[in-house]
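Undergrad: Just passing along the structure, written as structure tokens.
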Amino acid sequence: MVLLQPYGWLSKVSPDLVLLEKEILWIFLTFLIQAVRCSESEINRHLELGKKLMAKQQYADALTHYHAAVELDPSNFMTLYRRATIYLALGRSRAAIPDLDRVIELKPDFISAHMQRGSVLLKQGSLDEAENDFKVASSDDSKHEEAISKLKEIREVRQAIQYADEYFAQGSFDNAEYYYTKAIESCQWYPHLHERRATCYQQRGDVRKAIADLRAVSKMVPDNTAAFLKISKLYYSVGDPEESLSQIRECKKLDPDHKECTDHYKKVRNLVKMRESLKTMSDKEKWMDCVAQGIKILKFEKNVDAIQLDVFRMTSKCNLKLGHTMEAIQQCTEVLKHGDPNDLEMLLTRAEAYLENEQYDEAIEDYKTAKKHHDDSRRAREGLNKAEKLKKQAGRKDYYKILGVKRNAKKREILKAYRKLAAEWHPDNFHDEKEKKAAEKKFIDIAAAKEVLGDDEKRQMYDNGNDPLDPENQQGGFPHGFNPFTAGFNPFGDDSGPFSFKFNFG
């Protein structure tokens, strides 16, 4: 059956058929009207909900309703305009432009849309297109002043970019950075300006600011492998391979076969693993392994000072623990010289190394600097007190020097040195009275050194600047009643010694 024929054909068919066709047509029109009304009702519902959510700044939820409204009526310029406004509130300027284009296509005299699009284009650096929109808007009395102000701003931006490019070409990066910054105040979303300013920052040595600009570029330009590669290399150059690895992984995600990214990724990954191993060795107090791993890293990366200095930060402590005081001092000095001169950890480590070397004035100076800039540091306060006591003590007997051992010598080394010297300087070995007298004095010093350094508690007191055998606290001929020449005294601590010397005063 053929339905809805032109009315000229109705005379050729039966009256019943004509009546049926009219009824079907009426049903169809009724359904269409109801559908339209339903659609308008649904559109209004979405628009109303969208407005309420916008007022609450729930932009993502509002956008969902505007999407639904646009799908129901793609030619409603106001719905498109409101969705564009939501996009801009969410920072999605690229998505807003097509909606604004369609709005102006549907209603060319919609001045607010021209102003909105012109503002977005200006921020994106599309100065010519933005200028055209503001010229249109300037013809409207309600927007005239604002549009004229924007046209003036565009002229100033063009001038700033011209100056910046000229200075950049001349290598005058300070001046170029100034004018690029002026232009970016208006063109925040223009990647080229951020890239140029990043180069200026890098040339001036302000790598962190360069990274910030390139991070912005990586968000403005989709699939920007070049930006992630640059950011990764900059982080590497300032001694942050962990963040460098994170950024180069973003490049690999975008393009797994990118050769430069792959090569840099392999290098950074190896360095990160070596640094993790270095830290683990230090934490586990494997001092020799720590130093060896540090040397391995220094050989791996010979050109980046920041990475080498970071190795020194770790290995200086390991060298100190091993008694390599000169190496520890040298490494701390390099870090303080090229980095933060008030670095607490480096000042304290170097001060401790100076103490081990008996360079008390230098140690005191480092502790004072640490205390001045880190007043809450207990280590700095206690270290300064200890260094000052040790300096005062320096004019008294040096038990370490008497036994010929280092300040960090182990107990077995102290006892070994004591036995050797006690055997050498025992008064029984000397027959000349003058030599015997000198030997007695020397022997007393050796025994006193063993008394102090062979006892953990007394040694700790001595290391903190307090001599437990200080003559000021003596009672009698020997400090605290100490007399190495007691009956049956044996410098070897057992019955196997060659001496049975007895000495009586008076």
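All positions are counted from 1 along the displayed chain.
Backbone N, Cα and C define each Cβ position, glycine as well.
According to TrEMBL, the repeat 'TPR' annotation covers 43-76, 77-110, 225-258, 344-377. Residues annotated as domain 'J' in TrEMBL: 398-466. Per TrEMBL, region 'Disordered' is recorded for 457-478.
Situate these features within the shown structure.
TA: Panel annotation: around the repeat 'TPR' (43-76), residues 82-83, 85-87, 89-90, 106 of the same chain, lying at least six beyond its termini, place a Cβ under 8 Å from a Cβ of the stretch.
Mean pLDDT for the repeat 'TPR' (77-110) in this predicted model: 91.
Through the fold, the repeat 'TPR' (225-258) approaches residues 198, 202, 207-208, 210-211, 214-215, 217-218, 264-265, 268-269, 271-272, 275, 304-307, 309-310 of its own chain, all at least 6 residues removed from its boundaries and within a Cβ separation under 8 Å.
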Undergrad: Any residues 6+ beyond the ends of the repeat 'TPR' (344-377) with a Cβ under 8 Å from its own?
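TA: Distant Cβ neighbours of the repeat 'TPR' (344-377) are 313, 316-317, 320, 323, 325-326, 328-329, 332-333, 335-336, 383-384, 386-388, 390-391, 394, 398, 406-408.
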Undergrad: Can you work out which residues elsewhere in the same chain, 6+ from the ends of the repeat 'TPR' (77-110), have a Cβ less than 8 Å from its Cβ atoms?
TA: 43, 47, 50-51, 54, 57, 59-60, 62-63, 66-67, 69-70, 116-117, 120-121, 123-124, 189
